Every structure is written in structure tokens, then in C-alpha cells.
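What Swiss-Prot shows for this protein is this:
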DOMAIN    8-121  domain 'MTTase N-terminal'
BINDING   Cys17, Cys54, Cys85  [4Fe-4S] cluster 1 binding site
DOMAIN    131-358  domain 'Radical SAM core'
BINDING   Cys145, Cys149, Cys152  [4Fe-4S] cluster 2 binding site
Amino acid sequence: MTVAEVKGTFKLVCLGCRVNQYEVQAYRDQLTILGYQEVLDSEIPADLCIINTCAVTASAESSGRHAVRQLCRQNPTAHIVVTGCLGESDKEFFASLDRQCTLVSNKEKSRLIEKIFSYDTTFPEFKIHSFEGKSRAFIKVQDGCNSFCSYCIIPYLRGRSVSRPAEKILAEIAGVVDQGYREVVIAGINVGDYCDGERSLASLIEQVDQIPGIERIRISSIDPDDITEDLHRAITSSRHTCPSSHLVLQSGSNSILKRMNRKYSRGDFLDCVEKFRASDPRYAFTTDVIVGFPGESDQDFEDTLRIIEDVGFIKVHSFPFSARRRTKAYTFDNQIPNQVIYERKKYLAEVAKRVGQKEMMKRLGETTEVLVEKVTGQVATGHSPYFEKVSFPVVGTVAINTLVSVRLDRVEEEGLIGEIV
């Protein structure tokens, strides 16, 4: 990537999903090519500040408002640009600020840099060349969602599903692999919706698998109803796809899944798990769960706990239900008291932790390839193909973004501990 002389300074703030992370990296690369220099010290003001926000929950909105205020305070003369879902969901907040911010809609995210500069020039393409501070590269393949789950505000903020051209995606992945990235994560708001003409997500993965130099392919997250026969075959048969999936659950109760407007049942979810494990009995899963959805009974909650144990997730991301205006669930009866949600979430976290550690115990004595993501002092940390977090003492020199063979010796609070072999 060609860099011009320094014309000014910029700061980037990213909140939320992996798609947002991809977009912020694209802004970083565009600005660098244009000759702007990134400021990483929060105490040093910049000329331009861009914040990519999230509004998936009320808590995410609150974090976004705080981050915007902080940017305004720390960068008193900067041009503040806000994009992402908070800009779509809470325009009143920005109208109430003493400081004027430029709002760029989600639909115009890819043209953000063009919109904020008035001078006439050829702007760099909205794509990534690397992924700052990451050992894996997130590649956005799709945006928007057509599912309209009853709790989710995202379709109203990001719009309908739109897929990127496969050729652009493949070229972008080849570029980051050439830069030395071993692992790419196929990311989107609803990745299972991906479709470029006759090219499905399955065919895209098969083509990514053929890119010279790629070592690992993951899908950021996917719903069980999107796992078609073709996609299952692509994931389990491709040479570089990892034997793990973030398979979204949300609830283990059929009645709650129906009220959520999810497109699968408890049985469908378990069938999907078993199908993957037929190809690899050790196939690993992580998931998301919403705790305290309106009407969630004690039995519904027990159903969720039981499926966590039955599947043996290595990690569960749990979220308290957050009532979002414009969604169907916002008006549902039988809202669960906050204290009950808090207690259930705490208990679910304890169960999930125990289950995850039990699953990792099964790996002890094995040797696995770890992609190094961080080296702190004499300890390196990364993930196995099964997405288990692995730490090990450094022997000699171990570089970030390299694959290292590690024998797994024990399980501790944060994951597996091993030794280089």
C-alpha cells in the first residue's frame, strides 16, 4: 500500500461486532494511503476522529454515547465523524450535544472517507490490506439481515441483506494472506444470507480454501437453519476450515425460540451439532444465549442449561434480554424482573464455565497447532483449530502470527496450558 506524505492525524474507535472491526480497519488503510497518521495515545488530540458504534443492546448504546462524549472532550478541535448503529437509533442524542458531529449512515459506510473530505481526489477502495493488532483478519462478506428476530433491532438499523461480490472478497483475502495472515474469519451481520448470483456461502468457502498460503478459515457466527448440505460439506471437507463453529442458540426452549422468531427448534439445533460431529467427534462449538427473554419460565431456562451441557460448548456468550424499541419483543407481556435475569445469567455463566472446562479436559495429552496471537513476557497465547485458548511458555523466540505445536498439559481458569514440542 502506497502512503503519501503526512497531511494530518486521525483516531479510530470501534465498538461492537466483527463487521464494525473490518470497517474501521478499512478506514485506517484508506486514511493511511491518503497520507494521514494515526494517533494511538488518548491524551494526544487528533485532527479527525471516526467512531463506529453499536446499538444491539441498551448497554451498547450507553457505551457508544459515553465514547462519543469522551472523543469530543479529548479532541476539542477535531472533526468528529460517527457511523454505525447508534447514529441510526439515537439521532436525538447527537442533536442534544454541544458539539456538532458528522453522522454517516450505515448504508453509506463504504463511502465515509469520500463524504468527509471536500477535496477532489481519487479515494482508495474501501477494503483492508492488513488487520492492525490482530493475528487473524476479519473479512466482511455481507451486511444487513432479513430475519427480523423479535428481539433484534439490527434489521431496522442496517437494512436488508446485501452481499459483496465474490471476486472482491477473494482478492481481498489473497491480499491479507500475502501480508502474512494465516487465518481469516468470514464475517457478516448474517453470514448465512451470503449470495452473489449463483455463488453461495458454501461455494465462497470452497474458493477461499484454494487461495495459496491460507492456513485457517473460520465463519464468525452462523444460525443452524443456514447450514445447508452444501455448506456442511464445504466446512467439513475443505482443507483449511477449522473444526469449530460459533453456532447461535439464543435459547434451548422451543417455546422461547418460537417467540423469538428463530427459524429452528431445539431438535434442529441438536441435529446440526450431531451432523458436524459425525465428521469429527471432537468438533467444537461456541454460542450465544439471551437470558430473560419475556415469558422465559424456570423450565425454559432449565432447557437452555440442559442443551449447554448436552452439546458441550467450549464457550457461551450470554446476554441479558434488552428491550429494543421498534422490535416485537418490546411490547411482549411477561417481562422478566432484572434481578431474576441477573441471577439466571450468573448461574448460566457458572454452568457454561464448568462445561467448557470439562470439554477442554478431554484434550489433555494431545498435541495441537496454536496460532500465536500475543506474547507477554515469556508466555505466548493463541487458539487451537478447535478455538480453545491455549497458553504456553516461550522457548527461544516465538513470533505472533506463527503456528506452533503445543502439547496440552492442564486446564486453568482462562483455558489450556501446554508446552512446545
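Residue 1 is the first one shown; counting continues down the chain.
Even glycines carry a Cβ here, placed using N, Cα and C.
Can you walk me through where each of these features ends up in the structure?
In this model, the domain 'MTTase N-terminal' (8-121) carries an average pLDDT of 94.
Long-range Cβ contacts of Cys54 ([4Fe-4S] cluster 1 binding site) within its own chain (separation 6+, distance under 8 Å): Leu15, Gly16, Cys17, Asn20, Ala60, Glu61, Ser63, Gly64, Gly84, Cys85, Leu86.
Long-range Cβ contacts of Cys149 ([4Fe-4S] cluster 2 binding site) within its own chain (separation 6+, distance under 8 Å): Gln250, Met260, Asn261, Arg262.
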How many neighbouring Cβ atoms, not counting its own, are there within 10 Å of the Cβ of Cys85 ([4Fe-4S] cluster 1 binding site)?
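I get 25 for this one.
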Are there residues of the same chain, six or more positions away from Cys152 ([4Fe-4S] cluster 2 binding site), whose CB falls under 8 angstroms from its CB, and which are they?
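In sequence order, the residues whose Cβ lies under 8 Å from that of Cys152 ([4Fe-4S] cluster 2 binding site) (at least 6 apart) are Val56, Cys145, Arg324, Thr327.
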